[in-house]
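As given in Swiss-Prot:
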type	residues	note
BINDING	D234, V235, H236, H260, S261, D282, I283, G284, T358, T359, T360, E361, F365, R368	4-CDP-2-C-methyl-D-erythritol 2-phosphate binding site
BINDING	D234, H236, H268	divalent metal cation binding site
REGION	1-227	region '2-C-methyl-D-erythritol 4-phosphate cytidylyltransferase'
REGION	1-228	region '2-C-methyl-D-erythritol 4-phosphate cytidylyltransferase'
REGION	228-384	region '2-C-methyl-D-erythritol 2,4-cyclodiphosphate synthase'
SITE	R16	site 'Transition state stabilizer'
SITE	K23	site 'Transition state stabilizer'
SITE	R153	site 'Positions MEP for the nucleophilic attack'
SITE	K207	site 'Positions MEP for the nucleophilic attack'
SITE	H260	site 'Transition state stabilizer'
SITE	T359	site 'Transition state stabilizer'
Amino acid sequence: MAKVAALIVAAGRGKRFGGDLPKQYQTLGGRPILRHTLARFAAHPDVALVRAIIHPEDRDLYGAAAHGLATLLDAVEGGAERQDSVRLGLESLTDVAPDYVLIHDGARPLVDGALIDRVIAALADHPGAIPALAVADTLKRGAGGMIGQTVDRAGLWRAQTPQGFRYDAILAAHRAQAGTMLTDDAAVLEAAGGAVALVDGAEDNAKITTFADLERAERLFRGEGEQRIGSGFDVHRLGPGDFVTLNGIRIPHSHGLVGHSDADAPMHALTDALLGCLNAGDIGRHFPPSDMRWKGADSAIFLRHAAALITALGGRILNVDITILCEQPKIGPHRARMSARLAEILEISATRVAVKATTTEELGFTGRGEGIAAQATALITLPF
């Protein structure tokens, strides 16, 4: 499978929007616009890497907006113009060398997974692909408040982002076209002789440029929602040690759980359940065991990340349910603390967090005390 990276362009000042706060940090559904945009790509199962390109003065704003989205690459600073910023972003990816790169406006927070799918799919056959909408309105060219000409709209398209490219091709094109001030990245590849395909765009994938655009996005964002159910399952074997960590609670035990992180099986199962609600892959995609950053890591990082993806998409966690399978240790004395800890991480009421336990009647690996297993179910709601 091709390695896909996403560059989120958020280095502009948004002069047409007005105000002191750049538009990408204005709030939509109580969260910064840019956070929603980042989360859409971080949650996509085929996007392996996400990096923002930001203004040098926006480090603190970006840090607050991206807080809790643990899998993002470090942001890079942009240049004087959008084209400069994108080139710098592309250069920053040379060490990871993706096959494809998606370049997206930070102020398009309502991009959906199906549109991203279409762009990625087109790159198998074309060096570039962009989402676009056929022009439906009659077009007029005029000056001084008067119509000078009616323009034939046949074959005209409104370009959107994410604009997708084979990485080597768009990097070479940006290097060759530096300083030419082209209006989008497709134009950069075109100028270098590359072919760019069109795929279906989406009306809701509009760029927020004015306050009226933000009001429209807010109406779409807060529309009637849908419910999603996800499930997760995890197992960790028991080895040397004198405690186990279950749902964030350290419990004395004759053995310890073995794993790359803290081996918190029920919290891992719950993380997978939440990611499943979003069709966002599994915990191993977001936090691969090959990455030493997560060696011995507190699993609350993983769970908080999954919850942040849901919140950034305008969703709410309605309830979660976890069952721990083990003979020992006894879970009952720790159940209330487990529920409270999970509720704290997920920022929901403990009444929405069910923690249960069962034995397997001394059958199987859990019955023999070789490991601990857990299964989890989550119910969330997302706006349409």
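Each Cβ is built from the backbone N, Cα and C atoms, and glycine gets one as well.
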Excluding D234, H236, H268 themselves, the divalent metal cation site's Cβ centre has within 8 Å the residues V235, G259, A263, D264, A265, P266, M267, A269, A373, A374
In the three-state DSSP scheme, S261 (4-CDP-2-C-methyl-D-erythritol 2-phosphate binding site) belongs to coil
If you run the three-state DSSP split on T360 (4-CDP-2-C-methyl-D-erythritol 2-phosphate binding site), which class comes out?
coil
State the mean pLDDT for the region '2-C-methyl-D-erythritol 4-phosphate cytidylyltransferase' (1-227).
92
I'd like to know which of the recorded positions K23, R153, D234, H260, I283, T358 sit within 10 A of H268 (divalent metal cation binding site) at the Cα level.
D234, I283
Do you know offhand how many angstrom separate H236 (4-CDP-2-C-methyl-D-erythritol 2-phosphate binding site) and H260 (site 'Transition state stabilizer') by C-alpha?
10
Mapped DSSP class for H236 (4-CDP-2-C-methyl-D-erythritol 2-phosphate binding site), helix or strand or coil
strand
Top Cα neighbour of K207 (site 'Positions MEP for the nucleophilic attack') in the set of recorded positions K23, D234, S261, T359, T360:
K23
Which whole number of Å gives the largest C-alpha distance between any two of D234, V235, H236, H260, S261, D282, I283, G284, T358, T359, T360, E361, F365, R368, the residues noted as binding 4-CDP-2-C-methyl-D-erythritol 2-phosphate?
31
Determine the most Cβ-crowded residue among the recorded positions S261, T358, T359, T360, using a 10 Å radius around each Cβ and all protein chains in the structure.
S261
Does DSSP put H268 (divalent metal cation binding site) in a helix, in a strand, or in coil?
helix
Of the recorded sites K23, R153, T359, which one sits closest to I283 (4-CDP-2-C-methyl-D-erythritol 2-phosphate binding site) when you measure Cα to Cα?
T359
